[in-house]
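Per TrEMBL, these features apply:
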BINDING   E69, A70, V270, E459  FAD binding site
DOMAIN    50-483  domain 'Amine oxidase'
Amino acid sequence: VHLKSKCYVILFKSCMPTKKLISVNAQRKTIKVGIPVDGITSCWCLCPSAGLSAAKLLKASGLDPVVLEARDRVGGRTFTVQNKEAKWVDLGGAYIGPTQNRILRLAKEYGIKTYKVNEQENLVHYVNGKSYPFKGSLPPMWNPIALMDFNNLFRTMDKMGEEIPRDAPWRAPHAEEWDKMTMQELFEKLCWTRTARRFATLFVNLIVTAEPHEVSALWLLWYVKQCGGIMRICSTTNGGQERKFVGGSNQVSQCMARELGDRVKLQSPVYRIDQTGDMVVVETVDKQTYKAKYVIVATPPALNLKMHFNPELPPLRNQLINRVPMGSVIKCMVYYRENFWRKKGYCGSMVIEEEGAPIGFTLDDTKPDGTVPCIMGLVQSFKQFSVIVYILLRRICEIYSKVLGTDEALHPVHYEEKNWCEEEYSGGCYTAYFPPGILTQFGRVLREPVGKLYFAGTETATEWSGYMEGAVQAGERAAREVMCAMGKLQPNQIWQPEPENDVREVLMHQITSWPLIKKMNNQWRNTLKSLVMNPKHFLP
């Protein structure tokens with residue numbers, strides 16, 4: 001079988017599971033891919049939004065890329081399901097907001113509309129068995145000592161983030177010190193009260209779907225910084241969760257795939273990449289062989305382990321991909337007959353601090369026209385992963401009933417969930433995280449090409465890494481690296497800023513007590529710390 005189109009870029013979007021390698025390799029029959037007589041082949045791309053973004057830019061530059069997608073669909077960690085009960089539902093990446101200019105540019109190009117996530121009514125903070133309505137991005141702390149502790153923690157985290165370069169966090173002045181420290185250790189150093197430490201733990205659970213003791217302080221401080229800071233990453237209104245796409249986020253990938261046409265090869269998991277010859281040879285599980293001058297690998301780093309490379313990857317790259325696990329999350333969508341929470345004055349956003357609660361955070365997922373009432377919740381703890389679906393749903397409804405103060409929450413009409421730890425071509429969600437000591441030792445090779453292999457994926461982004469925006473930035477950067485290698489671009493053209501989108505808004509700190517912390521001198525701070533060390537001052 002000969003594929004007659006020029007093969008300029010191969011973009012790999014996923015790879016096969018290791019346990020299938022032996023049986024496939026034993027039975028493989030090579031399918032040759034026709035190469036132009038002049039030998040001008042550039043690259044293949046492997047990944048969801050990142051791979052498609054790379055291919056789109058390469059095609060627009062006059063090249064002829066091919067995208068190898070392991071799944072039977074495009075989109076990767078974005079996944080939109082359509083059915084009569086939910087109309088459409090995003091079971092993967094869904095949220096966008098101000099400063100995410102690249103993904104908004106693509107949406108505008110394809111005519112995909114956005115809508116704001118509902119936050120008109122009160123949010124609710126559930127702690128110590130009680131519900132406290134509030135407005136703003138972060139819940140209030142009624143104990144003034146805990147409030148100052150809380151504000152000092154997040155102000156300090158933002159201040160530490162200012163020292164960390166977006167493109168090279170390992171070059172931060174305190175990189176070695178902070179990378180040896182877990183976020184749990186940082187919280188123990190910065191927090192005076194149990195209240196602040198408890199909420200800080202929930203914060204880490206929510207933004208990176210991991211536990212504070214698992215995550216490098218340097219990496220998480222960088223992660224928050226490259227998203228725009230604490231308020232930007234936490235906020236719905238004017239933050240990373242402000243908007244969704246009408247019809248689902250997967251439309252962006254689907255539109256790019258339609259634009260690329262038959263260049264996108266579905267159900268083509270890659271298991272071998274050989275760059276010992278003049279051309280890079282890529283072999284897939286479906287017994288096809290592709291050849292190209294360059295390859296863009298746009299999978300999560302850990303999925304590189306499921307591919308065989310010849311020659312082997314350099315030691316630092318090999319160590320990196322062995323040491324960056326994926327986050328753990330189940331996305332749960334509970335549907336009701338009506339928006340009973342809005343009638344009670346709640347917008348559907350809940351911050352839940354209760355030991356053993358399956359859900360820590362929710363957002364309203366009702367359709368923009370008010371139909372299909374739904375609450376979206378995230379399960380981070382893998383203690384819940386083995387729970388039978390109907391038992392998990394019951395636990396979720398029970399905690400919603402407690403928080404919202406009504407039995408109506410106990411009677412859902414439909415339920416959707418997606419356990420991303422079951423996805424062999426993702427390995428988890430939202431993103432890969434760096435344990436202590438890894439970023440300073442191996443982080444510098446995250447984007448470093450290996451011969452004719454280039455690396456994309458949202459993990460390699462320097463703005464909104466872990467989000468759809470990061471995937472688009474990474475894909476387009478990798479495409480420009482390939483074009484630079486071909487002599488079509490200069491090195492200083494690889495990294496390009498994105499013009500601001502119309503939805504950009506000025507972010508204002510919504511916790512007015514933060515400036516108080518800046519005015520506290522060290523003597524007062526030490527006095528306050530000694531005061532709260534007395535257990536009787538540890539109030540809710």
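Backbone N, Cα and C atoms are what each Cβ position is placed from, and that goes for glycine too.
The record assigns E69, A70, V270, E459 to the FAD site; their largest pairwise CA distance measures 20 Å.
Other C-beta atoms found within 10 angstroms of the C-beta of V270 (FAD binding site) number 29, with every protein chain shown included.
Within 10 Å of the C-beta of A70 (FAD binding site) we count 28 further C-beta atoms, all protein chains included. Here the binding-site residues are E69, E459; the one with the fewest Cβ atoms within 10 Å of its Cβ is E459. Over the domain 'Amine oxidase' (50-483) the predicted model carries a mean pLDDT of 96.
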